[in-house]
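Read through the structure below, which is laid out as structure tokens, and then see the notes.
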Amino acid sequence: MYIEQAFKYQHEFWRYLLGILIVIAAIIAGQMPFVVAIFMEKGFDTAGMDESELLRVLDSNLTLFLMLLPFAIALLALFFVVRHVHNQPFTSLTTARKKTDWGKFWFAFGLVAIFSIGVTVIDYFTSPEDYVFNFQAVPFLILLVVAVILVPLQTSFEEYFFRGYLMQGLGTLVKNRWLPLIVTSVVFGGLHFFNPEVGKLGNIIMVYYIGTGFLLGIMTLMDEGLELALGFHAGNNLITALLVTADWTAFQTNSILKDVSEPSAGLDILIPVLVVYPIFLLIMAKKYKWTNWGAKLFGKVEEPVMLNPSEES
């Protein structure tokens with residue numbers, strides 16, 4: 001079982017607190033190059049800028065690189081924590097299976113990629129006035145390299161940290177599944193509160209962010225591993241970065257299209273969470289024959305009985 005296997009390693013709660021502090025320190029250190037680059041470009045004028053203005057100070061590809069760099073550094077820090085603070089193999093943070101199932105990763109990646117591209121193409125042809133063709137070969141190729149390398153590192157860090165490290169840590173502490181699911185989903189969504197999208201669309205967008213956290217958490221618990229969540233999150237963010245940008249989004253890139261419509265918060269927020277996400281889960285449940293939903297999402301986490309050598313003999 002995915003959460004239960006953390007019991008095999010050093011799982012005292014103080015180790016998780018130490019691990020969280022190390023990861024936070026790594027994120028702060030990783031943000032320094034962006035802060036320095038902005039300051040060198042604008043000096044003390046940056047003090048009065050809001051987040052949207054700060055994101056436009058540098059070249060968009062450089063901005064994307066510097067924004068994603070902290071996640072890559074944090075992923076390395078998390079790897080260090082798991083290996084050396086918990087003496088836990090990283091595979092056990094990925095899956096309850098003997099080895100990582102990359103087929104599941106690519107299935108989830110492809111599922112969300114096909115959906116995102118399909119919806120965008122349909123919207124482009126039904127509402128062409130909402131889009132500007134933004135493609136420029138050289139900037140896009142640079143974006144492609146940056147995004148393909150760093151976006152999966154960003155999404156992998158978030159999955160390993162929230163649905164992996166915190167899910168297992170809280171699970172071993174409270175010995176149930178529902179509380180780690182709720183806490184990791186709400187915290188994951190809550191950390192998006194300062195995104196430019198919230199200022200543009202209002203707090204209702206938090207339904208989408210927290211709902212996405214629940215979707216990824218349910219995938220992880222039902223499938224006893226991170227592979228589906230890793231693939232889904234990477235596919236969603238990578239296609240978004242490459243396909244469509246807007247002046248009010250966290251990722252402002254040299255993408256193929258630019259959305260120039262005035263965004264509205266309403267059904268556009270609720271339909272993905274209430275309709276599309278359940279369909280994704282049903283597709284995965286059918287393909288991977290998920291059963292026993294109640295126990296896997298709300299059941300107890302039981303510490304296995306570890307026999308000492310004398311008892312085994």
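Every residue number used here counts from 1 along the chain in the order it is shown.
For all residues, glycine too, the Cβ spot is worked out from N, Cα and C.
These come from TrEMBL:
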| type | residues | note |
| --- | --- | --- |
| TRANSMEM | 16-40 | transmembrane segment |
| TRANSMEM | 60-82 | transmembrane segment |
| TRANSMEM | 103-125 | transmembrane segment |
| TRANSMEM | 137-157 | transmembrane segment |
| DOMAIN | 140-239 | domain 'CAAX prenyl protease 2/Lysostaphin resistance protein A-like' |
| TRANSMEM | 178-195 | transmembrane segment |
| TRANSMEM | 201-221 | transmembrane segment |
| TRANSMEM | 228-246 | transmembrane segment |
| TRANSMEM | 266-285 | transmembrane segment |
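Just going by CB pairs under 8 A, the stretch in 16-40, 60-82, 178-195, 228-246 that sits most against the transmembrane segment (201-221) is 178-195. Note on the transmembrane segment (16-40): residues 46, 54, 57-58, 62-63, 66-67, 69-74, 76-78, 80-82, 85-86, 161, 165-166, 169, 173 of its chain, located 6 or more positions outside it, place their CB under 8 angstroms from a CB of the stretch. For the transmembrane segment (60-82), the most Cβ-contacting stretch among 103-125, 137-157, 178-195 is 137-157 (pairs under 8 Å). Counting same-chain residues at least six beyond the ends of the transmembrane segment (266-285), those with a Cβ under 8 angstroms from any Cβ of the stretch are 108, 111-112, 115, 201, 204-205, 207-208, 211-212, 215, 218-219, 222-223, 228, 232. Same-chain residues lying 6 or more positions outside the transmembrane segment (228-246) and placing a CB less than 8 Å from one of its CB atoms are 64, 94, 104-113, 116-117, 120, 131, 134, 140, 143-144, 147-148, 151-152, 154-156, 158-159, 163, 215-217, 219-220, 252-260, 263, 280, 284. Same-chain residues lying 6+ beyond the ends of the transmembrane segment (178-195) with a Cβ under 8 Å from its Cβ atoms: 3, 51, 158, 162-163, 166-167, 170-171, 205-206, 209-214, 216-218, 221, 250, 297-298. Sorting each residue of the domain 'CAAX prenyl protease 2/Lysostaphin resistance protein A-like' (140-239) by its DSSP state yields 86 helix, 2 strand, 12 coil. Per-residue confidence over the domain 'CAAX prenyl protease 2/Lysostaphin resistance protein A-like' (140-239) averages out at a pLDDT of 96.
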